[in-house]
Amino acid sequence: MIRKKNNKVVLAYSGGLDTSAIIPWLKENYNFEVVAFVADIGQSKKDLNGIEKKSLESGASSCHVFDLKEEFIENYVYPVLKTGALYEGSYLLGTAMARPIIAKKQVELALNIGANSLCHGATGKGNDQVRFEMAYAALAPNLNVIAPWREWNLNSRESLLKYLDKKNISTTATLEKIYSKDENSWHISTEGGLLENPWNQSNEDCWSWTVNPEDAPEKPEYVSLQLKEGCVVSVNNQKLNPLKCVEELNSLGAKHGIGRIDIIENRLIGMKSRGCYETPGGTIIMTAIKAIEQLVLDRESFRWREKIGLEMSSIVYDGRWFSPIRKSLQAAADSLSLEITGEVILKLYKGSVTAVQKKSPNSLYSEEYATFGEDKVYKQSDADGFIRLFSLSSKIRAQNMLK
């Protein structure tokens, strides 16, 4: 089926089996000039080595590789950290945060070179198709969107390999069923394989960055983090930019088996999925941020921040990065984060990270008031009137029930 002629499409290209097949498929079925766009957000060097040559051999007219690692951490990861967002209580949103920056740069390239279409390799079962296309709609509503997985009949690994062989395009992929992995500077995820059965216990093939906590060092390691307005600015008294902070803490955390989660999550499209996620640096940073939060936020602010984090986790997960509500919640979180400044010393030991010391110039904690010993600043009798008023509605309700 030959579609429109003389058109140009920008493909979000990873170099994997799917997107390698998409290039010739687009040319065959749409008669398009295919421009490959590669976002370097910290995936393994193995995935990036020779990727330009590979895309051209697959039929792309050109390949554009963008180094987005620093921008990803500074403008996407750190802002979300300020909100305290954890999807369904544990997922630090590593894949979800990466999609908007990829889509944004893909759109910018398309507009710059005069392309009229965008294409992604996300499957029709996953969240990423929604995330990409939500971003496309917000940033370039007039560009066409092509989602091959919702059109073609190449719905198995075997059929994709046969298609590439037919097109004389070489690939290192095999028929062996392997895990699906997604990696960037913030995290790595592993899905598929034995994980598709929730009764199967994950094995070490499911983990890529972190050592098994059982095999981690027998002695704990301590790390000091300095935070300024909700952002980590130094590690062990060494000032580092956001990307370097994350990389340093990834290395430290991985050595101690920190940041592993094996979860079943609710996908946006309705089904449940299981994944093994590793976010060693992010787990350490989030623990430090929460430690300072406890010192500096009053009760109402703390509760408001928890609500922001809960809502933001769904917004980011669902691909609504460029929505007005995301920007509004970010502004609220940024305001609260102005107080989150201080130092935290964390203990790293066999898969756990614990904030063991914390201090802040904005601390609301007063040892004088909190002591269980004798004090001269708090009159315990003052609690009488407070309790009478605070319990008044409960008392009236109980009296009515006795009538």
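Any Cβ shown, glycine's included, is placed from N, Cα and C.
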Please state which member of GLY89, GLY94, GLY114, GLY121 Swiss-Prot lists alongside ALA12, TYR13, SER14, GLY15, GLY16, LEU17, ASP18, THR19, SER20, ALA39 for binding ATP.
GLY121
The L-citrulline site in Swiss-Prot includes TYR91, ASN127, ARG131, SER180, SER189, TYR277. Which of GLU204, GLU265 is also listed there?
GLU265
Just name the winner among SER14, SER20, SER189, TYR277 (the binding-site residues) by count of other CB atoms within 10 A of its CB.
SER20
Give the number of CB atoms, excluding that of ASN127 (L-citrulline binding site) itself, located within 10 Å of its CB.
20
Quick check for the class: what is the C-alpha distance, in angstrom and rounded, between THR123 (L-aspartate binding site) and ASP18 (ATP binding site)?
9
With an 8 Å cut-off on Cβ distance to the THR123, ASN127, ASP128 Cβ center, who else from the chain surrounds the L-aspartate site?
ALA122, LYS125, GLY126, GLN129, VAL130, ARG131
Which number gives the other C-beta atoms within 10 angstroms of the C-beta of ALA12 (ATP binding site), all protein chains shown included?
23
Taking Cα atoms as reference points, rank the binding-site residues TYR91, ASN127, ASP128, GLU265, TYR277 by distance from SER20 (ATP binding site) and give the first.
ASP128
